[in-house]
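The block underneath contains the structure these notes are about, expressed in structure tokens.
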């Protein structure tokens, strides 16, 4: 009888452990993260962000569509946040902001470590300056790429009067590349290649498509990126554009202007300007199809402009603490200490 009680109790322990593990995998792991003052290194605000350390196989199908609401960011900037808020992380995309900044608003000196940033201007101009001596102004249609890697301090500010409109992406780095020396590169409007296909004009900002490659690709490969693609697509009225996407890559679409119908073999959706649409990858190696064709259609009398981002997931643990993106909690204190000791360089406001 005693043995029977022991067996029953042991079985209940196993069941309880199984339930706890499944709960953690389903709901992710919560980390307390903060925003750090770029000048003093002091903690400004804190919030809880939920991340999932273990990747899960998913169907490559429609996941989420929403219109982010404007919110304040930095020193008076207004952003619409597709990724980095309620939609916390699309591996390896940490942040996707559509920002509007009017002087004297901007982003005073602040640190980054463990990821890359890409700023792409839709209208106006933006000035960049960092602690490694890089400086530049990017105008409408141009891009700035910065690999923060082992730590950098930079500032950003509008360079023309009135509203300056653009996109900023934060892209995670694989663990093996997080300690590398920071890099910076700027592309002017005429340096970003443009191609035409299916009544669409396509600007290739990152990656390669239809045999056309971005000038940033060499630097992306040096940073360990896998299969990144970022396109600015303008679609003519009453026309469509077809794009084939590997099923092991995530897909994010952001509509800048116009109305767009998009469909694949699973379903179709319609969205208008300022909407974000997320399709999740299929990481199941037994999947019968290794790619999916998406058809984008503009049926109205005006053009539609949208941004298309695809990426193969890194599939590593990810944790963020304000402007620091790392793999394991044990790394954080040394990263913050290095910043406060001035090891990321100095930058005067």
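Glycine is no exception: its Cβ is also placed from the backbone N, Cα and C atoms.
Marked as transmembrane segment by TrEMBL: 7-29.
Positions annotated as domain 'Pirin N-terminal' by TrEMBL: 86-171. Per-class residue totals from DSSP over the domain 'Pirin N-terminal' (86-171), listed helix then strand then coil: 0 helix, 58 strand, 28 coil.
Residues annotated as Fe cation binding site in TrEMBL: 110, 112, 154, 156.
Residues or ranges marked as domain 'Pirin C-terminal' in TrEMBL: 231-344.
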Which Cβ among the binding-site residues (110, 112, 154, 156) has the fewest C-beta neighbours inside 10 Å?
110
Along the domain 'Pirin N-terminal' (86-171), what average pLDDT does this model show?
96
DSSP helix/strand/coil residue counts for the domain 'Pirin C-terminal' (231-344):
12 helix, 57 strand, 45 coil
